[in-house]
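Below you'll find the structure, written out as structure tokens, and then a few comments.
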Amino acid sequence: MLSLFRLPRSLTINQVPKVFHEDSIISGYRHPCSSATDCILSLFQLTNETLNIWTHFLPTWYFLYKLVTVVLMNTAWHDSFSWPLLVFLASCCTYPLASSCAHTFSTMSARARHICFFFDYGALSLYSLGSAITYSAYVFPDKWVNSIFHQSYVTVAVVNTLVCTTMACYSRLGVPFLQYNHETLKRFPEVKTPKLAKALRILAFAYPYLFDNIPLFYRVFLCTGEGCTDNGANILHYYHIALAFLTAFLFATHLPERLAPGSFDYIGHSHQLFHVCSIMGTHFQMEAIEQDMASRRHWLLTHSLPISFANTLGVALLSLVLNLTVITLFSLPLLFPSFSLKRKTK
Ligand SMILES: [Zn+2]
């Protein structure tokens, strides 16, 4: 059956250009100039990317099911209190979908690989904004509700998405037009200074996560006395936080494959575990948010900031447009040689 599709043979690390190399992964590489059809068919062939794709593609449908359920069951469009949850669930569908698409099509060419992961980073930034919008609406401890920090929290989160998408995209190739263009793709800082590139990317994901979680960390770890919102959702928040730190640990350390390069090429390497932990963390985060939303609804509606189109769906759409603009700026010199040439002749 598989021979009908003539699946290409997978390659070793020495057979693909450096830009495709993964730390401590020796075999299972797809051809670096695969066609779109080859990329899609590779979902059904065991390569070092297969489980990276499926571990985010299947959860996309789980979160989409949750989103549709909320829309249909709660008549959410008429209930503005549900809008932050809708934004969050939409972001929970977007980031695994963008990630699975990036992993699927990243071997079409070196340029395609960079553009794929630019979208992946943008989707992660939007997920952090989705978290911030729901935390602002449902998770802030009673003590901090309506504080100056609360009032400026979502605005700062929007700025963070721009800073972090820019930083993550920059970590791959540098500044578009100035440090790379269509012809000089080989001058990428990721290969010259891989540790700096990795550190920038970790910072780009960790910083918005830590910022978003300031009210939650205060609520579950530091707050004492009245107004700490100590309810049944806290245990779910703990699960989410533990999984988030495990996710970051796996991303940063490349364990277990660093201990035995080549032994986890197909199954069990850190990126697959990173995907699984991120999805489990998002699941518990969603459960915690839903529980806070249900148990605090009455109190929040009378004491917290009003929920409007502008500070939920509006701000998410604005951030989507701004992040797409950043991704376009980083992608243009890779897509069109004329952009680089025009600048040169000026
Ligand atoms: Zn990934």
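In case you wondered, yes, glycine gets a Cβ from its N, Cα and C as well.
Note: TrEMBL annotation is automatic and uncurated.
Residues or ranges marked as transmembrane segment in TrEMBL: 60-77 (among others).
Beyond the ends of the transmembrane segment (83-105), by six or more residues, the same chain brings 36, 39-40, 42-43, 49, 52-54, 56-57, 59-60, 63-64, 66-67, 70-71, 76, 112, 116-117, 119-120, 122-124, 126-127, 129-131, 133-134, 136-138, 275, 279, 282, 286, 289-290, 293, 307, 309, 312-313, 316 to within a C-beta distance below 8 angstroms of the stretch. The transmembrane segment annotation in TrEMBL covers 83-105 (among others).
Taking a C-beta cut-off of under 8 angstroms and a sequence separation of 6 or more, His103 (Zn(2+) binding site) has the following same-chain neighbours: Glu49, Asn52, Ile53, His56, Cys116. The Zn(2+) binding site annotation in TrEMBL covers His103, His271, His275.
The feature transmembrane segment is assigned by TrEMBL to 117-140 (among others).
Marked as transmembrane segment by TrEMBL: 152-178 (among others).
When Cβ-Cβ distances below 8 Å are used as the criterion, the transmembrane segment (238-255) is approached by residues 23-24, 198, 202, 205-206, 209, 213, 216-217, 220, 270-271, 273-274, 277-278, 280-282, 284-285, 288 of the same chain, each at least six residues removed from its ends. Marked as transmembrane segment by TrEMBL: 238-255 (among others).
TrEMBL lists 313-336 (among others) with the feature transmembrane segment.
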Cβ contacts within 10 Å for His275 (Zn(2+) binding site), all chains included, total 25
Per the Cβ under 8 Å criterion, with at least 6 residues separating them from its ends, the transmembrane segment (117-140) contacts 81, 84-85, 87-92, 94-95, 97-99, 101-102, 106, 150, 153-154, 157-158, 160-162, 164-165, 168-169, 172, 201, 204-205, 208-209, 211-213, 215-216, 219, 229, 237, 282, 285, 288-289, 292-293, 296, 300, 304-305, 307, 311-312, 315-316, 319-320, 323-324, 326-327, 330-331
Near His271 (Zn(2+) binding site), how many other Cβ atoms are within 10 Å of its Cβ? 21
